[in-house]
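Annotation source TrEMBL lists active site, 4-aspartylphosphate intermediate at Asp424. Taken from TrEMBL, the feature ATP binding site applies to Asp424, Lys425, Thr426, Glu570, Phe617, Lys640, Arg674, Thr755, Gly756, Asp757, Arg857, Lys863, Asn886, Asp887. According to TrEMBL, the feature Mg(2+) binding site maps to Asp424, Thr426, Asp883, Asp887. Here TrEMBL flags 42-109 as domain 'P-type ATPase N-terminal'. Residues annotated as domain 'P-type ATPase C-terminal' in TrEMBL: 930-1180. Positions annotated as transmembrane segment by TrEMBL: 303-325, 356-376, 965-982, 994-1014, 1044-1067, 1079-1100, 1112-1131, 1151-1170.
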Amino acid sequence: MTRGRIRARLRRSHLYTFGCLKPSTIEEPPHPLQGPGFTRTVHCNQPQLHEKKPLYYCKNDISTTKYNVITFLPKALFEQFRRVANIYFLLAACLSASPISPFSPLSMIAPLAFVVGLSMAKEALEDSRRFLQDVKVNRRKVNRHKGDGVFGPRSWQNIMVGDVVKVKKDQFFPADLLLLSSSYEDGICYVETMNLDGETNLKVKRSLESTLVLDNDEVFRDFSGIIRCEDPNPNLYTFVGNLEYERQIYPLDPSQILLRDSKLRNTDYIYGVVIFTGHDSKVMQNSTKSPSKRSTIEKKMDYIIYTLFTVLLLISVISSIGFIIKTKYQTPQWWYLWPDNIEYQYDPNKIGVAGMSHLVTALILYGYLIPISLYVSIEVVKVLQATFINQDIQMYDEETGTPADARTSNLNEELGQVDTILSDKTGTLTCNQMDFLKCSIAGTAYGVRSSEVELAAAKQMASDIDDGDSDLSSFPVLNAKSKVTWDSSIRSDEIELETVVTSKGDEDQKHAIKGFAFEDDRLMNCNWLKEPNADDLLMFFRILAVCHTAIPELNEETGVYTYEAESPDEGAFLVAAREFGFEFCRRNQSSIFVREKFSASRQVIERDYKLLNLLDFTSKRKRMSVIVRDDEGSVFLMCKGADSIIFDRLSKNGKTYLEATTRHLNEYGEAGLRTLALAYRKLDEQEYSAWNNEFQKAKSAVGADREAMLERVSDMMEKELILVGATAVEDKLQKGVPQCIDKLAQAGLKIWVLTGDKMETAINIGFACSLLRQGMKQICITTPVSDAMTNDVKQAIKDNISNQITNGSQSIKLEKDPHAAFALIIDGKTLTYALEEDMKHQFLGLAVDCASVICCRVSPKQKALVTRLVKQGTGKTTLAIGDGANDVGMIQEADIGVGISGVEGMQNSSVRNSDWPTRRLKPSTSFQAVMASDFAIAQFRFLERLLVVHGHWCYKRIAQMICYFFYKNIAFGLTIFYFEAFTGFSGQSVYDDWYMILFNVVLTSLPVISLGVFEQDVPSEVCLQFPALYQQGPKNLFFDWYRILGWMGNGLYASLIIFFLIVTIFYDQSFRSDGQTADMAAVGTTMFTCIIWAVNCQIALTMSHFTWIQHLFVWGSIATWYVFLSLYGMLSPTYSKTAYQILVEALGPAPIYWTATLLVTVACNLPYFAHISFQRCFNPMDHHIIQEIKYYKKDIEDQHMWTRERSKARQDTKIGFTARVEAKIRQLKGKLQKKQSSFAISAPS
């Protein structure tokens, strides 16, 4: 039987009571729509009326790009000239056209044009990728009513308000639609909203009863109507409007609205009319414009440029003052130097003009203090760094064939300075797979497999015992007798731990059924019939198979049923029931059919359970129940829900297994498992009939109190229950997520989870990934329930929330236990108030003090607002990671946005196993998160390597590279100033023009690029073993003002040594065999040689990691200088001028040239060498110690020391597996200490 036929006969509205009620024939009064915020009018099936004002609304095409054809040039130029250095060089390029410039215009304009042009081309390339993805979305097709009852395909971008569209199964909705009808006779449809709110379960939407007749193409020939509704807004969960149709007015609510980027599931088709298009749609209202992001280092670099510009201005003013004094008072005395025509810039009679002219000349001449090539070099380095990130095989996902993708290289170094990670949950942390792992039935625990949390604790404990760090080592051994007893206890625990640790490997081979990780021979293969409480076991299995709202699907290839359930837990329960021999096979309007197997011979009995009532699950009720009549005529209420709710509803004789079940539930909770309690009640006919009359009255009631009436009547029935047992399912995280979170926590990062899921789900995921743990004190901030929302009520709610936040902060301050950890949990409704201006900093203060923060039921807009609050409120670097359209705002708002890619491929591979219901992972539109992101990775676990390895490397590389750049330019640029002062502020450069051009472009560019690309303080595996090294970035140890000014001081020192030592050596002293003294060309060339040697030796001392590329670039740059000098000197004097044959004939044969070069090079680098030697000996940094351990191979020869150093290299954290295991160990040590105390008391004196 095909899936469509199964569902076509279902009238689901007969089953639901709370969430999906069938529209009543008695309509409620429509909402009065008037005034601001309710001005939208939509003429259904008449889109032509919306082609002109006042009914013209925005088009349906979308754009997520930063630029377009018109704005690219002005916006891109603005981005480039936000850089202070570029503004300076632009002014210098303009002034270079004047006669007072010491350089030609081409030499100033060409480098600037190259730098700006290269950066703009890079921006255009990155934005073009976003543009192509936008085009792909806008050109999707959907069937639209053309007229006369004919539907045909049309691009999304051409859909207009008022259009009637037909969306087919597994297609996305092209705009926000009003549901008119569906392939189901009740007008319901199933919608996947994962891209909007992150929820994995399917939503049931329903049309108005009045539009159910619009169920085929022909009927739309004459269809018309008017929708009056709210204006575009970002609220995903609200909608107010009404429909005027056939002279009747019908109120509309969110249950009739299909939102753009939602997906139609399990429904053949729907008809809908377009209400909001394009950027008016709710998902786009939740998005933000693509921001222009700059890294913290780049922003700080502007301040360094300001500093250097101040220095440049200062020495230029000094130079001009000196020039004015020389021109005014000394030049008139030099009558023998007077020219025939005195130019205005040298005229002592126009000293003001002369001084200003020289100031401009000096500003251009000393411009080498500000490195224009720095930006080009950084761009080149960042692109190469991004290439290495993309090609990192350790971040390649083999399942999906997806590599990492650095979509923008502007933020590479920012990866190494992250303080807070804000993560989506569904599809990012979880893969939405629940495994039935354990259960407690009739007071007996079943299931021998260990959870991931139990395994981690066991491994750590076993490791501690093996290392000799057992619990006994911290306590005194009183005597031999107590020691024997104690050792026996320890060995017993060790054996138990060893069993747990080693058992899982064998079990993994057996575990091949998705959703069912249970293993216990007592229940499998009908062995449960041999158990003493077989009747209770039978009821337990029947509750699993009957108490649900799922729909079965028969896989014709395997003959096995899979299930479409509203929650992954429910799907796991049905798979478990099937494996226990109770297979749910089909359902109709009034019955649920279960195939029950009572013997290993596969004899199957199909039982028909008449479905009388279904009391659905809501977050308020925290339970669901079904009332069924079995084939013997008995009526049962079967219930499952949160244990705290179920236990309060037990009858006196229903608490037989309460104590044992409670103990098991606590154990399951400590193991990180999600639990539910199962109970039932047998009803007599008279009692049921009386209750059902009341229930039907409440169900058919009209008014605001209908929900309350249904709740009250349900409470009447869901009492006097008999407890059967409890379930424990393990929420499967994505591969490596717990380990990744643990490593990030050890690296000192804070992790917040922002999800659209319910609070219970979010909390369970928090436990699963160790953001929460048993014993952690949860601070839950919630909004008090209130029907009326007057100003007074709103203020009262705000005051209540403020008090909750204050109390939470006070609890943290008064806590004296150093190991105590707090978790903040807040929902979206409360967050609306907490994010208001007068409360947000109070909320942030509490959140920062907590070890972990979980925000649930949040809208995409709220995700972005929370991210902005953390970014601006803390002033630290934030990273947002997500995989759906609902995460785009958050990703764009954060300093770094990371998108999860490759999910569609993961979905395809994961559904091959037919034993698990279709995995509802993010659809292919997850590219929206990827396209909005700065970096894309295939799975969350790759974030560990992206930050701890590449982030750490990139931060240190860029920081060292920039500091070195300023060092070498100061060392070079100040020598020009010294020479001008030495020569009477003449405006003359000591260096040949070609020397100055080649200094940054050729002779010092490649070594600094190799530093930025290849430098490694420690290898990648050591970065992961010593995660605390990452804190060098957030603490900014390599780019603080102390280090920056230190490098600048080093440059100043080098410039003084180079200039004055060379001038002293060459001053009125012969340097050639014939007694000639050095001219300006010889002195300038020697000084330049010393600069090339000094700065290249300096970068060699800076590097920690050498490859043949670094050797080639560093020593090759020095060799290139001599090759250039030889070739340049061979040119005709017309071109080489004073440098003609200067190396071969003048400097090369002179020993003083080579001696001076050696002396100056050593003198320039000696202080830095002394500094790093002193630091490594007396005040080493973390990576210095690790480098020495690795150099002397102590990591291989002395494993104990290596392990000890690794244990030190962890930031103190209260989240993650490590913190959870340590808490477990502290708990066990406490128990062992009590046991030892009792031994000591009982031991004879």
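Cβ coordinates are placed from backbone N, Cα and C, and glycine is handled just like the others.
TrEMBL entries are annotated by machine, without manual review.
Feature map: annotations from TrEMBL on the structure.
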| residue | record | Cβ neighbours (10 Å) |
| --- | --- | --- |
| Asp424 | active site, 4-aspartylphosphate intermediate | 29 |
| Phe617 | ATP binding site | 20 |
| Arg674 | ATP binding site | 23 |
| Gly756 | ATP binding site | 30 |
| Arg857 | ATP binding site | 23 |
| Asp883 | Mg(2+) binding site | 32 |
| Asn886 | ATP binding site | 33 |
| Asp887 | Mg(2+) binding site | 34 |
(message) What does the DSSP secondary structure composition of the domain 'P-type ATPase N-terminal' (42-109) look like, as residue counts for helix, strand and coil?
(response) 30 helix, 3 strand, 35 coil
(request) Can you figure out which of Asp424, Asp883, Asp887 (the recorded positions) comes closest in space to Arg674 (ATP binding site), comparing Cα atoms? (result) Asp424
(request) Round to the nearest Å and give the CA-to-CA distance linking Asn886 (ATP binding site) with the residue listed as 'active site, 4-aspartylphosphate intermediate'. (result) 9
(request) Determine which residues of the chain contact the transmembrane segment (1112-1131) at the Cβ level, with the cut-off under 8 Å and only residues 6 or more beyond its ends counted. (result) 994, 998, 1002-1004, 1006-1007, 1009-1010, 1085, 1088-1089, 1092-1093, 1096, 1099-1100, 1139-1145
(message) Against the transmembrane segment (1151-1170), which of these stretches has the most C-beta pairs under 8 Å: 303-325, 356-376, 965-982, 994-1014, 1079-1100?
(response) 1079-1100
(request) Take every residue in the domain 'P-type ATPase C-terminal' (930-1180), average their pLDDT values, and give the whole-number result. (result) 87
(request) Fill in the CA-CA distance, Phe617 (ATP binding site) to Asp883 (Mg(2+) binding site), as an integer in Å. (result) 28
(message) If you measure from the CA of Asp883 (Mg(2+) binding site) out to 10 Å, which recorded positions from the list Asp424, Gly756, Arg857 are inside that radius?
(response) Asp424
(message) Within the same chain, where does the transmembrane segment (965-982) have neighbours whose Cβ lies under 8 angstroms from its own Cβ atoms, ignoring anything closer than 6 residues to its ends? I mean 6 or more beyond.
(response) 304, 308, 315, 318-319, 322, 362, 365-371, 374, 377, 988-991, 999-1000, 1004, 1008, 1044, 1047-1048, 1050-1052, 1054-1056, 1058-1060, 1063, 1084, 1087, 1091, 1094-1095, 1098, 1164
(message) For the residue listed as 'active site, 4-aspartylphosphate intermediate', which of the listed binding-site residues (Gly756, Arg857, Asp887) have their CA atom within 10 A of its CA?
(response) Gly756, Asp887
(request) Rounded to the nearest Å, what's the C-alpha distance separating Gly756 (ATP binding site) and Asp887 (Mg(2+) binding site)? Just drop the number here, would you? (result) 10
(message) Should anything in the same chain at least six residues away from the transmembrane segment (356-376) have a Cβ under 8 Å from its Cβ atoms, list it; otherwise answer none.
(response) 83, 85-86, 88-89, 92, 95-96, 98, 100-103, 108, 111-112, 114-115, 118-119, 305, 308-309, 311-313, 315-317, 319-320, 323-324, 344-345, 962, 965-966, 968-970, 972-974, 976-977, 980, 985, 987, 989, 996, 999-1001, 1005
(request) Report, in whole Å, the straight Cα-to-Cα distance of Arg857 (ATP binding site) from Asp887 (Mg(2+) binding site). (result) 13
